[in-house]
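Below is one structure; the comments refer to it alone.
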């Protein structure tokens, strides 16, 4: 291909530009060889002439086609050069907001200076397990590649992160470690991954600082090794640091800060534990205030300090060590602020003894103040014979102080790193590791120090390793594809490395100059000039003799020598005197810790003489060279992965790209070197299949007849590209030189363009023909319609004329009729008004008479009532006097009786105090009651006096008004009589008129009835319409409420099932740990059961709680939609909640009272005696208690034996059916009563004995100060002779009297307290009720009368509903108790029948043993009752044959869920025999066996389905035959006979439900594990519609070297085939249809989530053709659902986000109307997902257009009101809550046959 073909008209090129580095232009005419210039047109339409150097013939770089712009991998570009790389990065960064881009094996990361939501857990899981080229570039993809290669190749890996300060190296390394911590979490409970992440805040605090380029710049390099075991779980980590910038401790430039830890500590100085540090704000210290501003915008130093302390604690650093660290840091701040004063001579200086900072420094480090003050200003010279102490100048002292501060901080830094490594260290054997290197990138400044020299030296070494690795990979690729290998020339920086580190290199000459006495910088630089003046990597500056220039691979760096010698070796002897090597340091006993105080020894004035300077004076350069060599050895032994961080601008602006800075960093970090190496060979590589699919349009028709695609590709390339050196055929790929793919794309575009023109020409001709035929047909149609219109207009005129005559006739008739009707209506109105006037007059007269009668009635009634009240009051006074007399008489009698009870006081002197106390309490309470009664009486008296006053005033008023009112009433009566006579006369006239009007009204009524009927019909129609509308609204509202309640129920169920899932996971983890701890097979003890933790549910005894549980169970059974409408259940639950709340409050009040009483008792009781007496009393109490218990135990055993004998005798004697249970129950009740009374008596005896013993001990303690054992154990009056029997009788008598009196007093006090509390409660309730009534009364007064009536009706309705609910609850409780009693009655009846049967059998056995044996055998064979009997010893065999060793294939031809039916029949027999232990053991063994089988077959879909169906069936059987009427509605009469009789297995139903949830989750996990590898390949990558998608050029990441060998592609048929197998297995195993629907809903959701997540993370699949493929694949899946009748599962609805994403890829994306259409269509996608898809949209052909940035901004503006979640990806691990609906079986137990293959011969049919 000639130059003229490449540089033709309209070809776009890149030309240099001083501002933008490179600028795009377009050729306006063809270029011919030999021309001196190119005619170009820039993007702003300006014309420019570009000159060409004829000698070099260097033409401008060609620009890639638009279809290749924005690629994920820079090596996929056809033209590989600097402007193409820069433009691709700029387009991805600014237009698509993609910060990551591949460049071969390098990941280029651009710092966005903004938080992006692309680092969450969902993104980590999305990249986990994916090949590196399958997803968009990301730091997680590099981490996954390293993790995968470590596991696959069993080789250690390294991730090398480099870049300038502020480029984001630390953040990238942090995210890589987070990925490893998430994916390779620790298998044990040590949480080592959390410790690895916790080391970051510590290292950032002590090693990061604010610079002019970065607010959080790492000022050291670190290499973190994360160790993994054989299972590739994290087991430990190790950190190595390089070249800490110690000079920052003592000096900071403008607008920079010291290390973060100094400012964090100053921000927390106000804390009480840091008062000792004597710190203030950071502005007060010299070392923290040199840079100016001490704060960072958006950073809280106090909050960061708290995080640092938490990280220290998490890593195991003790609190004392933390305080020591903070003391050392504070001492450095104080040391920097020490004021040094120069003396007059200038050769010496001094420090004030009162300097606070020096005092604080000495106090914090534990050194002597005088010694420190002396040696800071003096130095010591040691010779062979003498030691001299000399003074130092001010500058020397300042330099020595700074050197001391730097050394202290360096030692502290190393100590912290060492402790972090100890915390991350593990004792387990490390199988492999992944290292993350975070180190400076190549940098150059105006003033470059020795540290910068070391940084650039390290980058030279890393660049050499990088070049060799890239070269090696290229060579491997060529050899693998069998391409002839030609040597590629690349930059070798070994001469530059030799210049620095070789023998007699720069570092060696520096070390030599440092050892020479009085060595200077000038001598050293002169040696460098003399030795390396001819080297191409070493240059001498023109204007300076104290510096030199090193030519690195990226740029020239000038090294300034004034700082070099200072950093290479400290020149001040004070530093050597104060800080020795670790071998010489004597351990100090200061509280400062290992960081510095152990290295400071002021008192050692003389160093050891035997150690030479060579041993203890190692230079910084020597140390760095050794550590760098160790690092390179580690990196060379691992597989490296490279991350190059780029800083887009120096102003830290988000998403702003500075091309100059970017190009500078691309040149320095080796990205362009990678491009150059790739471009030197064959950078573009295609597989034969992809090349054929992309460029088959260039293949001729006759060549397509060949079936060998490889041969077709060879022939096509030979015809298209004439130069054979431009391409090579490999084993599986075709290799192209740079630019050849662009040429092929141009040919392909030309072919498409020609085909498009041909199609347009044909289509346009066809459109013109169609247009002509359409015009001709339209003309004929118009003529036909015009003629028809004229004819119709004439007919219309004739019709209108005839209609006008008819209208005139009707109008005249109507006008005459209306005039007549008007006259009639006027006459009727006049008559009506006249008659109404007469009637009103009569009504007024009658009303006046009626009012007079009412007044008379009330006056007479008031007088009668007043007389009655007076008489009643007199009677009450008389009764009160008489009753008072009687009460006084009774009081005298009671006093006489009280005096006769004096003998009781003599019997028990000890109880008088208690009686007096109780009497005092009663008196006090009576006084309170009296005061309350007096208050009440005063209130009532005041009230009665006020009422009497009002009555007197009313009587006076009535007497004054009575006389005048009587005269007026007489006059009114006379006037009323006259009016009454007139009314009688008028009434006759009205009756006559009434008779006439009635006839007219009847006619009128008939007319109104007709009109009313018509109106009724209209009203009914309107009502029907309104009802329909209201029903629709009500239905909508109810639907919304149902959806909300359903959603809440689903969330609650999902939370519960997640807990079940977490429990099963923990249980599995516990089993695994137990198996690991005990290798080999270990048998569980027989008495242990894993069900103990599952089945220990608390049994509910109270009926109210049972009612609420029944209500909840009813809600679950009848469904959410029905339960939502049942308000009674809701009100019942609400009322139950209120009752529980009231009970809680009551209990809380009682608890508070008890606590107050105990506190009062504790205050009253004070310790009076010593500890010895308390111990003696305890011993005495324990001995008495033990003796008493032994005696009571013997008595109880004797009583129990006697009762058993009596029961046995009565059982044998009585033959009646009802006598034995009654007598048995009576005896049981007697036994219970006796036991209770015995317990009460026992406690009383113990209490009294301890009181006696204590009283005796107190007396003895009072008599003698030194009591011995005999004195303590002796009784009072022991010297007197007393008969033991008399003493015991007296003692028992005293005990009885004491007990009686105490019981009476306690009963009285308790009754009194209960009465007082009840009265208080009633009073509070009445107050609350009165308050409520007052509130309601006030509210009703404010309302209108109609509203008052309505409010009263509502109150009454609510009251009645509450009463109704109470009655309903009472009825339900009674019914429930009745059911329980019936069950108990059945059990007792059955026991009686069994007892009778046993007795009858015993009698018949004696007579006819053999005959009855034959009869019973025949009975078993005849009647099978659906029960299976087995012996207890056969239970293990039953579980083994039916659960553990059973395979689903053995039961292929039998009834589905046969094991469940067999287990239920065994349970039923155990229930029939009332064997509780047998039921418990069988169910426990069954559940444990199922768990063991599922654990063993945790990846077998068929086995898991089999046990899920059997577990559900067993659960259904326990419900169906539980005896609960709610589950027995569909049972037959025969099935009702198979119900359980004795046991309620509700708890086991819950356990089986939880087990079913666990099995369901395991089933979903297995199905997802089988489906997930197929989804991406089948849904996104496979061509379901052949020829639709075209393959784009792929870069290095799609090569075989970076992927696992083997074809893992799947098609949609594979997914459908797998779905068919799932469906067939579940149907064959008899799984409930509802569960099958839920399984496929979950699987379809997983397909949707995985596909959409990959679509959102892959640029290569976001195209129009992919949208078509997706639509087709989804339609195939929906068709499969309809074919299997699974459309009701809701699986299709879960695919809605994917459907909308496919539509989004296909829609037009240009105008504002398109944006509105997208926003209205994509309702299931979030705003973030829509924008992400639009940013990723990639055209596959030239005729497609990219989505513009303005269109995306329009979409964002229209969607800004959405409240979408911030999560980008869907949680493909989300699991919908499963629901197991009740599904009863139609089979009866007696119809089930047990096959012989189960080996269950030991089961006997009953």
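If you go along the chain as it appears here, the first residue is 1 and each next one adds 1.
Each Cβ is built from the backbone N, Cα and C atoms, and glycine gets one as well.
Between the listed ranges 559-581, 582-604, 605-627, 628-650, TrEMBL ties the annotation region 'Actin-binding' to 628-650.
When the ranges 1125-1150, 1151-1176, 1177-1202 are checked against TrEMBL, the one recorded as region 'Disordered' is 1151-1176. Here TrEMBL gives region 'Disordered' for one range in the set 1030-1069, 1070-1109, 1230-1269, 1270-1309: that range is 1070-1109. From the options 884-942, 943-1001, 1415-1473, the stretch TrEMBL describes as coiled coil is 884-942. Tertiary proximity for the region 'Actin-binding' (628-650) is limited to same-chain residues at least six positions away from its ends with a CB under 8 Å from its CB atoms, namely 89, 93, 103, 105-113, 139, 142, 145-146, 149, 153, 155-169, 172, 176, 213, 223, 240, 242, 435, 437, 441, 457-458, 461-462, 465-466, 469, 656-658, 661-662, 665-666, 669-671. The Cβ of residue 169 (ATP binding site) has 27 neighbouring Cβ atoms from other residues within 10 Å, across all protein chains displayed. All chains included, 24 other C-beta atoms sit within 10 angstroms of the C-beta of residue 164 (ATP binding site). Among the binding-site residues 163, 166, 168, the residue whose Cβ has the fewest other Cβ atoms within 10 Å is 166. Across the region 'Actin-binding' (628-650), the model assigns an average pLDDT of 88. Set side by side, the binding-site residues 165, 170 differ in how many other CB atoms lie within 10 angstroms of their CB, and the most is found at 170. Counting residue by residue with DSSP, the region 'Actin-binding' (628-650) contains 9 helix, 8 strand, 6 coil.
Other C-beta atoms found within 10 angstroms of the C-beta of residue 167 (ATP binding site) number 25, with every protein chain shown included. Taken through DSSP, the domain 'Myosin N-terminal SH3-like' (8-60) splits into 0 helix, 24 strand, 29 coil.
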